Amino acid sequence: MKKNALINAELSYVVATLGHTDEITICDAGLPIPDETQRIDLALIPGVPTFIDTVKAVLGEMQIEGVVMAEEFAQVSPDLHQALIALIRNEELLCGKKITLSYVSHEAFKVHTQDSKAVIRTGECTPYANVIFQSGVVF
């Protein structure tokens, strides 16, 4: 369910049309995006927009109840992983609900993106900077 206003019309529309348990993926510049999945390509140049800035914008709009990440994210890019975890924990405090964290292999993550309503590509060039958000409800 949508919470606020985004400037990007395509992204705003996707968030507004999410139902309970629908998923979207936010990814780095290198994640392969399935042909059959809607691609919202925000990448301009390497590093713009960042993964974290994109996550913040989406969290400002979307109620989440679950998160899926690749196990490799925490191992290979621990600083960015911890920044994401901090945002998720803050979101839990703001919404007063527990958000489930799940980890899968990077290969399984890539397969899981096929279930996303959309994949949002950022300019992030940090390895494994990818997350799947599962939509929750605001009530």
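Every residue gets a Cβ built from N, Cα and C, even glycine.
Binding site for substrate per Swiss-Prot: His106, Tyr128, Ala129, Asn130, plus Asp28 from the candidate set Asp28, Asp35. The Cα of His20 (active site, proton donor) lies closest to that of Asn130, out of the binding-site residues Asp28, Ala129, Asn130. Other residues of the chain with a Cβ within 8 Å of the Cβ centroid of Asp28, His106, Tyr128, Ala129, Asn130, the substrate site, are Cys27, Gly30, Leu31, Ala70, Glu72, Phe73, Ser77, Phe109, Thr126, Pro127. Taking Cβ-Cβ distances under 8 Å and a sequence gap of 6 or more within the same chain, the neighbours of Asp28 (substrate binding site) are Phe51, Arg121, Thr122, Glu124, Cys125, Thr126, Pro127, Tyr128, Ala129, Asn130.
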